[in-house]
Amino acid sequence: MDGEEQQPPHEANVEPVVPSEASEPVPRVLSGDPQNLSDVDAFNLLLEMKLKRRRQRPNLPRTVTQLVAEDGSRVYVVGTAHFSDDSKRDVVKTIREVQPDVVVVELCQYRVSMLKMDESTLLREAQELSLEKLQQAVRQNGLMSGLMQMLLLKVSAHITEQLGMAPGGEFREAFKEASKVPFCKFHLGDRPIPVTFKRAIAALSFWQKVRLAWGLCFLSDPISKDDVERCKQKDLLEQMMAEMIGEFPDLHRTIVSERDVYLTYMLRQAARRLELPRASDAEPRKCVPSVVVGVVGMGHVPGIEKNWSTDLNIQEIMTVPPPSVSGRVSRLAVKAAFFGLLGYSLYWMGRRTASLVLSLPAAQYCLQRVTEARHK
């Protein structure tokens, strides 16, 4: 899901200059008819315009944290509340001020659909937790992870219902604004949901799973829009989750801390120097530091800052540990309870339906006629 892609270079006479508002060399087209620009000339012209719009000292919201890579590339991390109009405005302002080369958002390929849905559709989808969604989650993640995903979706649905606001508005704004910036790419920076939930489930004992599920099932505290804005320094959804999983350190590690590492890794991958197009292979390579905007929940910002300068190994947080004996037993117990409850419900509904049908006057009349016919 990249924005505009860089065109292949052709011949052009370029010369590096430094405009007043840019901190890196800008290839300026020296001559030529604007009507007959080559691809390289057009690229250089658009790049020059972009870098001129990029402010040397951008006026950024207070929710933005600036990080600098070893090669001089800059990363502006916008800490957001997932249900906040202010966060959407912060994202728009930051992207317009810094004119980034890459925008990275806290989404994975399993949640990318929210970027293309309109607000009304998202609001309806977020409030509806159907059996079909449960079946899809179980097929995708397995029984335990699927049930956990649905319980967490219930938390999001609760906030959605309380506020009448669809989640992920800041990501949709980032997607729209990135498409307006020349040569800006759009990256998904979050760890895939199935990996996160499977690792989270594997980290809990059977009774911890039961206690967590109980807390999620009976979530009903009212929330106002003022609560969201007051929680701007700590995302509301993540704060509610932190309160519920606070007694489960392993769950916090898998859902929050490990994703901090993954998000940091993806931001560092995006923050690489950009190679400018060359008129010919004989011309020396010219690179400039890149500018990246990251859009993440406010609760992830401290972890990203902490991990920014450390060596990261994401392989170990991408593996799903094999189920333990207790895990297999708990899964069997949950399956048995689920199918037992389903069977009892069908049995009860069948008896209830039969009683209702037999109590109807028409059914009573038919039974009476059958009885009379037998006695004759």
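Each Cβ is built from the backbone N, Cα and C atoms, and glycine gets one as well.
THR65 is the residue among THR65, THR196, THR353 that Swiss-Prot labels phosphothreonine.
In this view, THR65 (phosphothreonine) is surrounded by 18 other Cβ atoms within 10 Å of its Cβ, with every protein chain counted.
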